[in-house]
């Protein structure tokens, strides 16, 4: 009788799987039906169907909860994951890293959609590399042919217009995703111990992105390309003693010319792969200690596997991003560009106002806010030094701004300050824009060098007073 029932159960695939697991003694998912069948001598067969169902449900619930606690990290690591079953090929040697970091990676259960912007930035980087490779096949890095080759891509290459607009607008999307990613980290203090390395690598990636975008802006060889390269590279001349030699080395001569364009093209092709490598290190450093969460807690409980739970959430973000991206590519491809760059470069005609791309206007505004050239270069370096030092400038024992009332207000003030800097960067150097830019630049440094270190003590005192009240 027992053998017949067991044979009947194993005829169903999912029950067969449970029987095999019980027989193997894994102990991960005990099968209550096996236990109940063993109670035949105790009157199990004499029970009515309703009583059997009730008994089976109670036993199933009791033993399933006992063996499968989704909030216990030990069981999360030990149990075979859903993703591993469905994608068993990834368990093979050499591919298990994909399973560990993209499928079974334990993620906090309370992360929100702001945690999706990291993966969106990765998608943007992939789009930039893919489209850049195909654009490089048709681009000619020569001052007499660069502008014409871009027009050739737009007019003669099949799908060339789409490649160019994907690449140009993809750069803007990349910066939007990364800036939101950074401000999320600032709001929830994702830079504090033990994630200092994650933050510092991210700052290096931001610096590489700005350099890559700048030299890429030069390649179309329009008016803004040429004069932007002339102005920005000339800043190196402010370096004492070696400044002029560095500028000559950057230019490959005594002015921005063909050698400059060739060097910039080579570097622009190389830097995205360096960014990709740095991004892998960034993710590896993150997964060493796990992701932060809106509460700012590092508790070892309340974790779930990345696939399928977080994957589905990211999938919604990817689809939404695709729609947002497509609006710019297909309906407003030049909205984020500058019309002067459709004019071929002319060294004999200076534009009325030289404006870089929007995504580093805030840096350009800080640079211009200091009249001295060397002081402006030092200020730009100080910006990235402040960002790198931020994990050690933080004094608060509380991470998330959800529980830091003063920091929450200052965070929004910092965001407004960066937007003001971006607006000032596109304005001419005249009153009142110069004064507003100087005030905004001063606040940027005051926020990180003054407010951040003393804020932890002030908030602790503030919260103690609230407790007494």
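Using N, Cα and C of the backbone, Cβ positions are placed for all residues, glycine too.
Caution: TrEMBL annotation is automatic and unverified by curators.
As recorded in TrEMBL:
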- 79-295: domain 'Cytochrome b/b6 N-terminal region profile' (DOMAIN)
- 113-140: transmembrane segment (TRANSMEM)
- 161-184: transmembrane segment (TRANSMEM)
- 167, 268: heme b b562 binding site (BINDING)
- 181, 282: heme b b566 binding site (BINDING)
- 196-219: transmembrane segment (TRANSMEM)
- 226-252: transmembrane segment (TRANSMEM)
- 264-285: transmembrane segment (TRANSMEM)
- 287: ubiquinone binding site (BINDING)
- 296-466: domain 'Cytochrome b/b6 C-terminal region profile' (DOMAIN)
- 306-332: transmembrane segment (TRANSMEM)
- 370-390: transmembrane segment (TRANSMEM)
- 410-426: transmembrane segment (TRANSMEM)
- 438-458: transmembrane segment (TRANSMEM)
Intrachain C-beta neighbours of residue 181 (heme b b566 binding site), sequence separation six or more, cut-off 8 angstroms: 117, 118, 121, 202
CB within-chain contacts under 8 A for residue 287 (ubiquinone binding site), separation at least 6: 100, 101, 105
Neighbourhood of residue 268 (heme b b562 binding site) by C-beta distance under 8 A, where only residues 6 or more apart in the same chain count: 132, 212, 215, 216, 219
Assigned conformation of residue 268 (heme b b562 binding site) - DSSP reduced to three states: helix
Between residue 282 (heme b b566 binding site) and residue 167 (heme b b562 binding site), the C-alpha gap once rounded to whole angstrom: 24
For residue 282 (heme b b566 binding site), the number of other Cβ atoms found within 10 Å of its own Cβ: 21
